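Have a look at the structure below, then the notes.
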């Protein structure tokens, strides 16, 4: 007999009035007695709080608040506590004699909401000697103690050996421990379970009939038929899973590429990146090596460029220095040429001016003669005009006088006067005072003779004058010529100087004639000298370029040597070209072959992958195509054998399934028709009656009843006789046994038990011998055992069938794979490895590249040598023709000598050019210099005197002529004579006047004309003199300028200066061109050096970066490789055919796969997050993690009972193999799993019958319970009418509603709900789904209606309601119902908990004074009979005779409240005994904490 667990004590720490109080609880009834406010309700509240520490439920209201849904804000708990740490602990001893202390730590939370903080805990393994108050308090002195905090309590308990302390964060865990240890009767899994438990405690505490409990008695009293419900749920779950699997298979069949897509895209995504990183790593290594090679090459190039830069800079410096000298020389040559040209122009001007001066001098001399002649003529014309004028005047005067005399009779007197005047003038002119008119004629002849003499003398002097003047002009001309040539000199030195000048002129003219030959000779020599200098320069440059000094004699030999070297290098270059062509051709052939192999490699690799897969799948090694075809024939034979074995295993599995189905019939009937027949005849199957027989007794009873073990037990056989008529739907043998199904026994037979057999005497003359069956199936235990063994066999058969089916499918797919391989890859699979040949060819290609590089280097060096040799030969070709010049050492001296001679000749030429004309003029007149014509001036004076004398004589003769002509006038004596004589004279005078006037007019015109001509001649002469003087002055200036220029100007000097300037210009241009070339080359070299420096820095940076990248990538790659190898995915990721794709192609492939994967994993949060993380290009290992996550995800989705592999790829392949087989198998399984509606109705009916029987048993326990007028209490259980109709339809008329139960779209629960709605259309189902309604209809509790009835006085059985009962009757009735609930919970919990634990039973009752003594005695009797503990609270007038009573008195001591407690155990027949732990708490008011 298992002892029931008991609550030993209740401990309150720091509650209002209780500092540290422990209440020992009685095994039956503990009574708390005391007045109002003594602390009874506080004590019970502490107990309830320790049992249910749920603040959402706890509500300690006063009795006056009964029925209220909301009381004070703190719900009564805050005010029952003191400040600080508080405890409520229960000390329990369970059925296993384990001491457990459970409780809660409470603490008020500051604030207006008056909240309380609760922490549940449990203590196990506590020694019996340790009191609860000792655990949570610490004694400070004799009158003071302190409450420990929960942490201090834990530390204290941890120090105690064997004591376990547990603190709970959830109430569920707390109640789970209490249920497992037998402290509470029911497992409180949820808040609703805790609510039910609290409502039970609350109903017990406050007494009466709780409407909350009576309205839901089914939930409290009727246990959940978890087995049946679980069976239905498992069946539906299996069906649902089956249908979901079928749907998944259909989805998989319709979207067969789902997994393939995910794994293929994941493989493409990761493998492409994996291979790209592998390729990049190889490329980076190659780049690093290439960078290093380029770095070394660039360093060499930079050093070579630096050497080249130094040479060119040195050469440029030389050219810059030479350019300055050449520029100076060129500028000097240009200036010299300009000076020569200027001198030539000056010389031309001088010559032109000299010619002009000579011409002007001639013209001047001629003009002087013309002017002199014109002057003489002018003088004559003037004298003639003057004479004519005088004659005209005289004639006019005479004529006037004659006219006047004629006019006034005085003409004779006038003429006489005029004659006298003429005589007087003649006397004056002739100095003849004695002159008379008569002697005038004589004197006229004298004076005419004198005039003739003067004229002749004048002519003689004029001739002499002309001769003297000519001699004087020649002397002056010669003297001026000598002075112009020699400079100022004395006149007496002119003759000797002129002779010297003429001799020197002859010499100078001889020298001047040699200028042109000397100039030509000098030009030739200078050209040779320049060629010699050019040759020396070329030789110096040649030696400089050759880096060695060569003598002139060595140049011809060197030329031959260089010619031979050029020929050899030319042959070498041509041979090198052919060799290079051969190497390049071989390289191109290798490259073409490598390209071809690289194109063929992916095909070969695909064939190898397919071949490797075939080898892995078949476990064979194939070395030729013949092996493949032979193995394909073996596969066909193996497939036929596997199909035969699979069909045999399938037949046996079907037989086992049929047997399992037969044994799984409700009630143990092997024929489903027996259940319907049993219901029809109102009986019970014998197998159902013996359903509880043990497995050990099953063989006996199976043998006992033999064939009748499937009989139907009916109360009366006579009642079924009529029903047997026309019975066709039944087994061949149908047995009936008469008996009471409730009290059936096996006494209907006479039986003798033998060893493993029985002899049944069915009649006096009929015995039956039955051996115990080897595999009994009579009774639920035997059937379950047999079903279990059949299930085990079925599992084996199913596994074998699945294995064989998988093998068949695998063989078929392997056959298909071989067929595909033969069709696609057989032609190339067994060819040589192209990658090995590629590696070999790459090695050869590297050798060729190295040979080409070496060859190019050698060829470059040969080309340089060839170019150097060509340059040397070219320089020698220019040098060799000038070897004689190089050997001529006297050339410069000869040039100097000729230059001196040329200078002398040019000086002479300049002298002749300057004075040649003067010497030529001087030579014919040089003799006039012997005598100096000094008398020329005296002659000029004589000539002037003679001229004046001749003029005076002419005037005197003219005056005498006039006197002679007027001699007649002296004889006028009278006027007649005068008139007659004057008339002729007048006529003559008039005639002479006309003649004289005509002569005067001619003389005047001649004079004017001659005067104008003389003026013109004088103007011409003045102009000629002015021009002569100007040109002479300009000539002097030009000669001075020519002397100032200091350049000898001749016909060849300009050409030589120009040639020299052009040569220097050519040299300067060549120098500048070379300098520009050098500058450009230097700039290019510097740029190349800068480029090389930058490139070198870039290469160094790139090399270091690439090296760091390689090192970093190596670490990352090692991590990736480690992860790949650890997860075994290298075979999937290292796809060698991807190595032949470019990085862009691989990146594109990865990006495309990434886009597809984003869509594929959009609904999977984990894979989506991992995929998002894997997109980081700097973390390639995350892509491996994603691939592993995909594999893991697919592995988790692989059903190991279907597909036996961890590899998702193989799983996908196996999945395709299993799809068709699973579809067929699951379809048949669904048909087997589907339970019939009749079976459901039978199960629900049997469950209802069983629970009705159990309620009847509970009612028997309450028959003797009475409270006041209530004599008995019972529970009435009835089936609802609507649900009874549903059961009838399910049993009898289910064929009419097969459209619901045969629908694949509806679960059984939904079909059941649809049927219920179809049968009861008037019922409103609300918002509930058919699935929810169907699940409720599968719960038998929803078919029942329960109500509490009491047998009260004369009213008989009435429905128990608070309004119809008194307070005491209601309390007693309610307590009875609660006892039934607790007992029902224990029965339910017994199936969930160990059977060796009997839980504690405890109820409360507050304000028990409302019960009378008989009712209280009934409670005590009920507690004793049911082994239940009861805590009641009553005023002091309640004094029960049994149990333990605590009297509580609240006192005030020093302004502090405390409760004085005295405990008594019994008191009527026994002596009073003070319980331990009671007495006044003297120190409670002074306690700290």
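Count begins at 1; order follows the chain as displayed.
For all residues, glycine too, the Cβ spot is worked out from N, Cα and C.
Annotation comment: Swiss-Prot describes 34, 35, 36, 37, 38, 39, 40, 41 as ATP binding site, evidence class sequence analysis. Taken residue by residue with DSSP, residue 34 (ATP binding site) is part of a strand.
Residues or ranges marked as coiled coil in Swiss-Prot: 326-418 (among others).
According to Swiss-Prot, the feature coiled coil maps to 444-472 (among others).
Per Swiss-Prot, the feature coiled coil maps to 509-602 (among others); the stated evidence is sequence analysis.
Away from its own ends, the coiled coil (780-805) comes close to residues 642, 645-646, 649-650, 652-653, 656-657, 659-660, 663-664, 668, 691-695, 698-699, 702, 1202, 1218, 1221 of its chain (Cβ-Cβ under 8 Å, at least six residues beyond either end). Sequence annotations record features per position, and here Swiss-Prot assigns coiled coil to 780-805 (among others).
Per-residue confidence over the coiled coil (835-919) averages 81 (mean pLDDT, predicted model). If you look up Swiss-Prot, you'll see 835-919 (among others) marked as coiled coil.
Summarising the annotation, Swiss-Prot assigns coiled coil to 977-1116 (among others) and lists sequence analysis as the type of evidence.
If you look up Swiss-Prot, you'll see 1209-1266 (among others) marked as coiled coil.
Under the heading region 'Flexible hinge', Swiss-Prot lists 666-783.
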*So which other residues, same chain and not among 34, 35, 36, 37, 38, 39, 40, 41, have a Cβ within 8 Å of the centroid of the Cβ atoms at the ATP site?*
1433, 1448, 1450
*asked:* I'm a bit unsure how to read this: which one of 326-418, 509-602, 977-1116 has the highest number of Cβ pairs shorter than 8 Å with the coiled coil (835-919)?
replied: 509-602
_Which secondary structure state does DSSP assign to residue 39 (ATP binding site), in the simple three-class scheme?_
coil
*If you skip the near sequence neighbours and keep only those at least six away, which residues in the chain come within under 8 angstroms of residue 39 (ATP binding site), Cβ to Cβ?*
16, 17, 18, 1448, 1450, 1459
_Can you check which residue among the binding-site residues 34, 35, 37 has the largest number of Cβ atoms within 10 Å of its own?_
34
*Cβ neighbour count (within 10 Å, all chains shown) around residue 40 (ATP binding site)*: 25
*Sort the residues of the region 'Flexible hinge' (666-783) into helix, strand and coil with DSSP and give the three counts.*
48 helix, 26 strand, 44 coil
*Within 10 Å of each Cβ, count the other Cβ atoms, then let me know which of the binding-site residues 36, 41 comes out lowest.*
36
*Residues with Cβ closer than 8 Å to the Cβ of residue 38 (ATP binding site), same chain and 6+ apart in sequence?*
1448, 1449, 1450, 1459
